[in-house]
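**Student:** Take this structure, written in structure tokens, and hold onto it; I'll ask about it next.
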Amino acid sequence: MSLFFLWLVSYYVGTLGTHTEIKRVAEEKVTLPCHHQLGLPEKDTLDIEWLLTDNEGNQKVVITYSSRHVYNNLTEEQKGRVAFASNFLAGDASLQIEPLKPSDEGRYTCKVKNSGRYVWSHVILKVLVRPSKPKCELEGEPTEGSDLTLQCESASGTKPIVYYWQRIREKEGEDEHLPPKSRIDYNNPGRVLLQNLTMASSGLYQCTAGNEAGKESCVVRVTVQYVQSIGMVAGAVTGIVAGALLIFLLIWLLIRRKSKDRYEEEDRPNEIREDAEAPRARLVKPSSSSSGSRSSRSGSSSTRSTGNSASRSQRTLSSEAAPQQPGLAPQAYSLIGPEVRGSEPKKVHHTTLTKAETTLSTTPSQSKAFQTV
């Protein structure tokens, strides 16, 4: 009775197997153990199967051995990365995964069956991810007497991630600890507040982010500035900008002045004064040789003179200015005015000729002058 009880207990333990938990870092290699003694009697009926239940409860087959064939490309996520680690026919059906990925995390089950006997084991695999390289930032103005916040954070990595700030020694005698007036935000360990900055607070600070898989770090430099020096720099920059604007304005005024002088010089010969005297007409006494020809053209000259009111008025003044002597015939004068270039001859209408004939008939002195000539 006692022997049967011991055999039953041993069979029960062999059937249920064991539960094992393994932690590995991503991109590394892992071997999940599974041992049995069911393949020795009959190898043809041996069946081995590895199953994965992920964190969401979904189950899938990883690798199997059946009918003397191995099937290890059953899932697209683990294709080419899973295999039996040793001689599974001799009793070592351990599973090897390389390289590890975060999606490989979950509960693995090894089932071995042969001739009605079976055994299985369970392995819980946790894939750890190293923290990504953190990003160090400064919040605030690094001026003397003010407060400055150092910010450090990793974008990815297995939780929890621990942050640690320290000062890097650049010179002999510098302290590696944070300044005395520094406070760590325990709700967010990646933030450190540096209060009441002094020139001694300047230096290089390093933040380290770490977890079970590893650690990464970043550095940032703090340069504390005097408030007076900032004012002087701002004043100097303002003065330089103002000076540059003034020089530009002077150059612009000079160019504008030269352009204006050049324009005045070009337009000066074409100016017309309003108080300038009009060109004077002069009277020319015709010679005896040309009197006949002028007499023949008297009609047309009279016609043209009547067409121009200004010429007619000047001729009348000339006639009055030259008094006639008794017994002598009046002399004919021709009005010579300033030469007009580029002027076209005016057209004389029929009505103008009619008016001219009427004027000639009503002017006795002018008619007598033409008759005498």
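Yeah, the Cβs are placed from backbone N, Cα and C, and that goes for glycine too.
Marked as domain 'Ig-like C2-type 1' by Swiss-Prot: 18-126. Swiss-Prot lists 18-234 with the feature topological domain 'Extracellular', giving sequence analysis as the kind of evidence. Summarising the annotation, Swiss-Prot assigns disulfide bond to CYS34-CYS110, CYS152-CYS207. For ASN73, ASN196, the entry in Swiss-Prot reads N-linked glycosylation site. What Swiss-Prot records for 134-223 is domain 'Ig-like C2-type 2'. The feature transmembrane segment is assigned by Swiss-Prot to 235-255. What Swiss-Prot lists as topological domain 'Cytoplasmic' is 256-373, and the listing cites sequence analysis. Summarising the annotation, Swiss-Prot assigns compositional bias 'Basic and acidic residues' to 263-280. Annotation comment: Swiss-Prot describes 263-373 as region 'Disordered'. The feature compositional bias 'Low complexity' is assigned by Swiss-Prot to 287-313, 321-332, 353-363. Per Swiss-Prot, the feature compositional bias 'Polar residues' maps to 364-373.
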**Student:** Please spell out the DSSP helix, strand and coil residue counts for the domain 'Ig-like C2-type 1' (18-126).
**Tutor:** 6 helix, 55 strand, 48 coil
**Student:** How does the model score the topological domain 'Extracellular' (18-234) in terms of mean pLDDT?
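**Tutor:** Here the mean pLDDT over the topological domain 'Extracellular' (18-234) amounts to 89.
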**Student:** Report, in whole Å, the straight Cα-to-Cα distance of CYS34 (disulfide bond) from CYS152 (disulfide bond).
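**Tutor:** Rounded to the nearest whole number, the Cα-Cα distance is 43 Å.
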**Student:** Check CYS152 (disulfide bond) against DSSP and tell me helix, strand or coil, would you?
**Tutor:** strand
**Student:** Where CYS34 (disulfide bond) and ASN196 (N-linked glycosylation site) are concerned, what is their Cα separation in Å, rounded?
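**Tutor:** Pair distance, Cα basis, whole Å: 62 Å.
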**Student:** Of the recorded positions ASN73, CYS110, ASN196, which sits closest to CYS207 (disulfide bond) by Cα distance?
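**Tutor:** Minimum Cα distance from CYS207 (disulfide bond) across ASN73, CYS110, ASN196 lands on ASN196.
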**Student:** For the domain 'Ig-like C2-type 2' (134-223), how many residues does DSSP put in helix, in strand and in coil?
**Tutor:** 3 helix, 42 strand, 45 coil
**Student:** Can you grab the distance from CYS110 (disulfide bond) over to ASN196 (N-linked glycosylation site)? Cα atoms, rounded to a whole Å.
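**Tutor:** Distance (Cα to Cα, whole Å): 62 Å.
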**Student:** Taking the Cβ of ASN73 (N-linked glycosylation site) as reference, which residues of that chain separated by at least 6 in sequence fall under 8 Å from it?
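**Tutor:** When sequence neighbours closer than 6 are ignored, ASN73 (N-linked glycosylation site) has LYS79, GLY80 within Cβ distance under 8 Å.
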